[in-house]
């Protein structure tokens, strides 16, 4: 395999696309056309390495591959960085785009521009990337290339006169696209003679080599005999190995030079030692300052994860630690619940990230888990002028100690067919949304910009959005600020005891409605006991809704045939006393469905 090329013959590019617009299939075509993987080893979605990615048809972990291509008698190196398309994984997108000079903007010829595409394109434009529009799926009978071109120009403001029209599935236009990448996307810039400056834009854990860093060399070069300084930690490490990325196998090399992308092995045991966005430099001749403008991924949603078999707490800890080796955005800390025992409070990027992590824990580690209702971080101002950050409803201080509560807001961008506009605006109003902007992209599509409380979108917003627009709307958001809100803690009491795992922080105006729905749902789910069970929803000490599960009746008078009525009365009174005693000491086992029900109640 050819390995080295002058910097003028290197092209670093990424692929920006909304979920399901054919990005992974296009990546497969480019890999196949450049013969980076033999036909025998080639399979669909070769860049997607997790089973969950293939099953759901999504990209979660950004991958990279080095391609060699000959154009007009010259050898070129094309470094392709595949990126996720879902809003939860936008941190993967931003780090990948920082290491490129260009990006392919892939748009489905049947669907047009979607909200996530716009968000990622703006990240690329902020990083001064050359954008190359690519219209995919042109072979489909309902493809409308002219309308999509106009859509891209109107929505993003990119000239589409030289747009590439391709079909990744039918392999149409792939050769022309490769040539356009070479002629349009600029070569990397950098000083070969300057001290080493390398940006870590991804890291993961390898069972044999330890923590590996995927880097873009901005200045200078790195070789296997160098000692490296990780600028964020101030620690020095020897280089154990350098590799070029390939989805199936790493290709060893003795050096990585300015403009190149490669994998660095420093023999480290955790990805926390090589944080994404950190800078590698030469320990003996370091660069003056690290690469700027990189933010670590912050969790957006928090939920409790508890093992159903309580003796598997340590297994859950081990499993989370193993997943954290590959996922710097995942963080967790132990917590305990009266109802569920010992578990962990886990921070996620969003609901899809939470679903994927829970599914991987259950599938790869054989755990059975209960997840509590997802929540966000609230800023609680106390009467003594101190501030407390609360991510678990059970940690909320008593009402008389709180001066005010601020909740995080997001700016949401939603693109929808205009026929669903009324339904969508009603949903956004129900979710306490504030309209900022409404813009018609063309006669049939509208772009809405709303500010929304984060709390309202972490429950079931995405499902309801798809439901009220028949799946046609696309959605993207970015965090903006914390705003004061009228929030209260809604508790659920079963047989007089507060079930801490079911507590939620909610807008005061919605508390009664939610509490009513919650107790009615739980009445259906909790099995009848030998004693009467009261299910109550409360705010502070005030009960706002109640349902009662009647006791299972045993006919104690069945053996009394006729005779004195006092005999029957005596047996019934004895039963009544027994039930009263049982009610005082009896415990109610809550089924798992009760914890899942809270997620589905609007």
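Positions of Cβ are set from backbone N, Cα and C atoms, glycine also.
These numbers come from a predicted model, not from an experiment.
Listed in Swiss-Prot:
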- 20, 21, 22, 23, 24, 25, 136, 137, 138, 139: GTP binding site (BINDING)
- 8-189: domain 'tr-type G' (DOMAIN)
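Among the residues 20, 21, 22, 23, 24, 25, 136, 137, 138, 139 said to bind GTP, no two Cα atoms are farther apart than 17 Å. By a simple count of nearby Cβ atoms, those within 10 Å, the most crowded of the binding-site residues 24, 136 is 136. Mean per-residue pLDDT, taken over the domain 'tr-type G' (8-189), amounts to 79. Across the binding-site residues listed here (20, 22, 138), the residue whose Cβ sits among the most other Cβ atoms within 10 Å is 22.
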